[in-house]
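Engineer: As listed in TrEMBL for this protein:
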{"type": "DOMAIN", "residues": "53-93", "note": "domain 'Molybdopterin oxidoreductase N-terminal'"}
{"type": "DOMAIN", "residues": "97-564", "note": "domain 'Molybdopterin oxidoreductase'"}
{"type": "BINDING", "residues": "Trp159, Arg369, Asn478, His482, Arg525, Asp555, Asn783", "note": "Mo-bis(molybdopterin guanine dinucleotide) binding site"}
{"type": "DOMAIN", "residues": "687-797", "note": "domain 'Molybdopterin dinucleotide-binding'"}
Amino acid sequence: MSTKYPDASVNALSRRRFLQGSAATVALGSMPFSMSLLSRGALAQTGRQEILSGCHWGVFKGIVEDGRAVEFKPWAGDPQPSPQLEGVRDSIYSASRIRYPMVRRAWLEQGPGADPAGRGSGDFVRVSWDKAIELVANEITRVREKHGQQAVFGGSYGWKSPGRLHNCQTLLKRMLNLTGSFTSSTGDYSTGAAQVILPYVSGSIEVYEQCTTYPVLAENTDLMVFWGCDPRNNSQISWQVADHGAYPGIEALKEAGVKVISIDPLKTDTCEYLDGEWLSPKPQTDVALMLGIAHTLYSEDLHDQKFLDRYTSGFDEFKPYLTGESDGQSKDADWAADICGLDADTIRDLARRFANNRTMLALGYATQRQHHGEQSTWMLVTLACMLGQIGLPGGGYGLSYHYSSGGAPTHASPILQSINDASGAKASGQAWLASGGSVSIPVARFVETLLNPGETMQFNGREIELPLIKLAYWAGGNPFAHHQDRNEMLRAWRELDTFIVNDFQWTATARHADIVLPTTTSYERNDIEQVGDYALSHIVAMKKIVEPQFEARNDFDIFATIADKMGKGYEFTQGRTEMDWIRGFYEAAKIESRAKGMEMPVFDVFWESNEPLAFPLKDEQKYFVRHQTFREDPILNALGTATGKFEIYSRAIAEYNYDDCPPHPTWLEPIERLDGPTTRYPLSIASKHPRGRLHSQICGTAFRETYAVQGREPCWLNPRDARERDIKNGDVVRVFNDRGQLLAGAVITKDIMPGVIRVQEGGWFDPVNPREIGSLCSYGDVNVLTPGIATSKLAQANCGQTGVADVEKFTHDLPEITVFSQPLPRNAG
Ligand SMILES: Nc1nc2c(c(=O)[nH]1)N[C@H]1C(S)=C(S)[C@@H](COP(=O)(O)OP(=O)(O)OC[C@H]3O[C@@H](n4cnc5c(=O)[nH]c(N)nc54)[C@H](O)[C@@H]3O)O[C@H]1N2
Ligand SMILES: Nc1nc2c(c(=O)[nH]1)N[C@H]1C(S)=C(S)[C@@H](COP(=O)(O)OP(=O)(O)OC[C@H]3O[C@@H](n4cnc5c(=O)[nH]c(N)nc54)[C@H](O)[C@@H]3O)O[C@H]1N2
Ligand SMILES: [Mo]
């Protein structure tokens with residue numbers, strides 16, 4: 001297995017479920033499935049059809065009239081459908097659809113590596129599929145022969161569509177593994193820092209594991225703290241097919257009258273909905289704030305020393321830092337107030353309220369997607385240890401309440417198998433961390449690798465040598481949206497001979513490719529998936545809704561044909577059709593299900609029913625409490641750390657001796673922040689995950705019109721900052737710093753703290769002059785402004801939520817936005 005989230009979460013979940021299953025009594029015989037087979041589903045064979053499918057945004061029925069999808073109607077069982085579904089439907093037909101195989105003219109006419117600065121200029125030549133496949137296969141072979149296997153990069157990262165068969169990233173690796181080897185990538189952009197530090201702290205990656213469930217919170221929690229955490233915005237999507245279970249969960253908190261605090265530079269949807277108390281410390285100063293709270297707990301004897309003694313190790317090493325005994329600076333509330341901007345009384349009050357209530361600390365991922373991002377997660381766990389409520393119903397901490405509906409109870413479901421990357425048996429559940437190729441680099445260090453081949457890099461206690469890469473193949477990701485410091489990246493890309501992209505949209509990534517292969521959307525092929533990353537509530541047929549548009553082909557068929565060209569066609573397909581594979585995954589789940597006392601219907605009945613197949617929820621899962629078993633018996637259920645306890649001080653990290661990741665949680669100044677000591681721009685950038693998109697996905701559809709301002713990405717700013725710059729609502733503004741510049745449309749609102757602007761990640765990069773590094777982005781890709789640095793030597797993760805800039809009213813002629821239509825030659829010569 002080689003995908004990230006499902007393996008991480010599902011392995012942990014399934015392991016636990018199996019353990020619990022063997023202890024609990026699972027009734028033999030059939031369990032009640034809520035699907036009424038065949039009765040509801042039979043398709044009317046008229047001009048109009050309703051076809052069941054699923055996507056990151058949820059389960060839905062594709063309404064098809066005369067072969068065209070006219071509506072994606074949310075499934076009746078969806079508690080809170082995402083409005084983005086309409087944009088998802090439009091992605092099939094949008095003007096940004098890639099129609100034919102295309103090759104960059106200079107590359108085609110002059111060979112690999114020709115005119116690398118011309119990438120992005122839009123001068124493509126249409127070629128036949130046969131020609132395109134031949135070019136790709138020959139180029140992979142050429143690069144391997146000339147520069148070695150590691151010179152091919154196949155660790156392409158991103159939010160490919162769900163589905164157990166058409167997983168384009170796995171399929172790319174499958175082709176590359178069957179024909180040789182390649183350089184892969186490790187980790188992800190979401191939790192790059194947290195997932196590396198947490199195994200030292202709590203013994204597992206945690207960020208993709210189940211939290212104490214919402215029903216438990218509603219019953220037991222007095223105080224729910226959403227710390228840079230916005231589940232109502234972020235639960236619109238899941239890595240698998242979204243269940244949206246967070247929404248009824250949050251509604252239950254509201255009904256129960258749970259007190260809510262939101263610590264965030266923005267007034268979030270979640271805070272608004274729950275009528276929460278909004279506190280806005282300066283971005284990137286959360287560790288200082290947490291230390292101030294911890295200091296108050298300690299100095300007022302509000303901390304739980306018994307919990308610290310029994311369940312943690314290293315508090316004694318941390319204490320001299322907290323009190324200032326070791327460095328002369330007490331980390332008290334006054335010290336914290338100076339840094340974070342909340343006043344000291346508020347900080348002390350937070351400490352008292354946390355200690356005197358059953359408190360759940362729900363941390364999002366943004367605070368770890370920052371310079372020294374390892375520290376915020378570590379410090380939050382430390383705070384929870386001091387409060388001593390970990391493992392109690394409704395107390396402690398949770399790291400995935402905002403992600404894929406973590407906290408929605410887990411159903412008793414079998415786990416669907418999926419196609420593999422043919423790399424052979426991967427021994428442990430850690431496989432997703434370093435899967436596929438023989439060489440692997442931290443995922444966010446690809447640009448650094450291109451620029452520094454042969455150099456060594458510290459990474460999580462190891463040294464790795466950065467490989468020479470000449471060919472990059474991307475499938476199912478958009479690095480020209482997700483990676484930071486776009487201009488540094490453009491420079492690095494010039495080191496490549498060849499960049500190949502499979503996608504269905506003309507993203508900036510596809511535009512910067514040498515060879516572009518048009519793929520189907522998941523609505524043009526058949527597949528199967530689970531509903532909910534944590535809930536695992538259903539198995540859903542992801543049925544083909546419409547025929548492939550233009551010359552689009554499935555990634556499966558594309559990679560099978562490339563493999564075939566290289567003599568490995570049968571090994572790739574194993575002679576099985578799309579439906580053979582899907583049936584096989586289902587049959588394996590049916591066997592697993594039977595072992596657990598549940599009888600799934602035969603495949604054809606499932607498929608024809610046109611309804612998702614539901615799995616039961618047991619009470620012990622409904623009322624799951626994270627770390628409860630550890631609390632009950634810390635010897636028998638020891639954590640996976642070296643000491644078996646929560647580690648507030650890590651001997652292993654001490655041995656690495658990294659200057660940017662000390663052995664206990666520590667406040668370290670980031671390279672830049674609002675009012676930072678060496679910071680040169682006045683506004684901090686919150687590149688929050690978008691309300692109207694999944695990253696960059698569906699930016700190229702008509703749904704963009706629901707939020708765009710003068711056709712551009714919005715830039716939210718506080719009235720004070722707008723007034724100081726004479727900016728009015730709806731003005732086009734230029735946002736800039738030393739790294740880059742973009743245009744955006746001003747949205748003035750008090751829902752953002754002074755000194756902070758919000759430009760959501762995922763806006764499509766649209767340089768006015770593609771040949772010029774530093775050119776103005778006319779649509780609003782926030783990553784022209786963010787730094788490409790790593791969090792630290794420990795995790796080498798991205799810092800997308802670090803960055804400062806300034807804003808001014810844009811008074812020149814507005815440049816055209818070209819990125820949402822078919823590419824045309826621009827500045828090609
Ligand atoms: N500044 C800043 N930057 C960030 C973040 C931030 O908070 N701030 N967040 C980071 C995070 S957490 C993430 S996860 C990344 C997200 O970065 P990405 O996951 O790269 O972003 P997406 O827009 O989801 O890109 C997915 C691409 O895959 C394509 N695709 C979908 N399905 C298929 C398929 O079946 N086949 C093929 N061939 N292609 C397909 C889509 O069309 C799209 O172009 O961004 C990161 N970047
Ligand atoms: N609608 C939608 N939902 C999504 C996604 C999407 O693209 N669109 N992407 C999905 C993915 S891949 C991921 S990884 C998750 C991402 O989940 P997160 O990383 O948690 O999401 P963000 O929206 O980037 O940030 C969450 C909150 O943190 C706040 N914040 C930013 N900086 C700071 C800070 O320094 N301190 C504090 N206290 N708060 C801060 C932001 O204002 C925001 O409200 O979301 C998932 N959900
Ligand atoms: Mo992510």
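Heads up, the Cβ atoms here are built off N, Cα and C, so glycines get one too.
Can you tell me where each of these features sits in the structure?
Structural biologist: Same-chain residues lying 6+ beyond the ends of the domain 'Molybdopterin oxidoreductase N-terminal' (53-93) with a Cβ under 8 Å from its Cβ atoms: 47, 159, 161-162, 236-239, 241-245, 247-248, 504-505, 521-524, 529, 531, 538, 540-543, 545-547, 549, 610, 612, 692-694, 697-698, 700-704, 706.
Within the same chain, the residues at least 6 positions away from Asn783 (Mo-bis(molybdopterin guanine dinucleotide) binding site) whose Cβ sits under 8 Å from its Cβ are Ala481, His482, His483, Gln484, Asp485, Arg486, Ser687, Glu761, Phe765, Gly800, listed in sequence order. Following the DSSP three-state reduction, the secondary structure of Asn783 (Mo-bis(molybdopterin guanine dinucleotide) binding site) is helix.
Across all of the domain 'Molybdopterin dinucleotide-binding' (687-797), the predicted model scores a mean pLDDT of 98.
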Engineer: Based on DSSP, tally up the residues of the domain 'Molybdopterin oxidoreductase N-terminal' (53-93) by helix, strand and coil.
Structural biologist: 9 helix, 18 strand, 14 coil
Engineer: Run through the Cβ atoms and count how many others sit within 10 Å of the one on Trp159 (Mo-bis(molybdopterin guanine dinucleotide) binding site).
Structural biologist: 21
Engineer: Would you count the other C-beta atoms found within 10 angstroms of the C-beta of Arg369 (Mo-bis(molybdopterin guanine dinucleotide) binding site) for me?
Structural biologist: 28
Engineer: Name the residues of the same chain, 6+ apart in sequence, whose Cβ is under 8 Å from the Cβ of Arg525 (Mo-bis(molybdopterin guanine dinucleotide) binding site)?
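Structural biologist: His166, Lys544, Pro548, Asn554, Phe556, Glu578 - these are the non-local Cβ neighbours of Arg525 (Mo-bis(molybdopterin guanine dinucleotide) binding site), listed in sequence order.
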Engineer: Cβ distance under 8 Å to Asn478 (Mo-bis(molybdopterin guanine dinucleotide) binding site), same chain, sequence separation 6 or more: which residues?
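Structural biologist: Non-local contacts for Asn478 (Mo-bis(molybdopterin guanine dinucleotide) binding site): Gly158, Asp503, Thr507, Ala508, Thr509, His695, Ser696, Gln697.
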Engineer: Where DSSP helix means H, G or I and strand means E or B, what are the helix, strand and coil counts for the domain 'Molybdopterin dinucleotide-binding' (687-797)?
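Structural biologist: Its residues fall into 14 helix, 27 strand, 70 coil.
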Engineer: Let's check the environment of Asp555 (Mo-bis(molybdopterin guanine dinucleotide) binding site): how many other CB atoms sit within 10 Å of its CB?
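Structural biologist: I count 27 other Cβ atoms within 10 Å of it.
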Engineer: Kindly assign Trp159 (Mo-bis(molybdopterin guanine dinucleotide) binding site) to one of the three DSSP-derived states: helix, strand or coil.
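Structural biologist: Once the DSSP labels are grouped into three classes, Trp159 (Mo-bis(molybdopterin guanine dinucleotide) binding site) ends up as coil.
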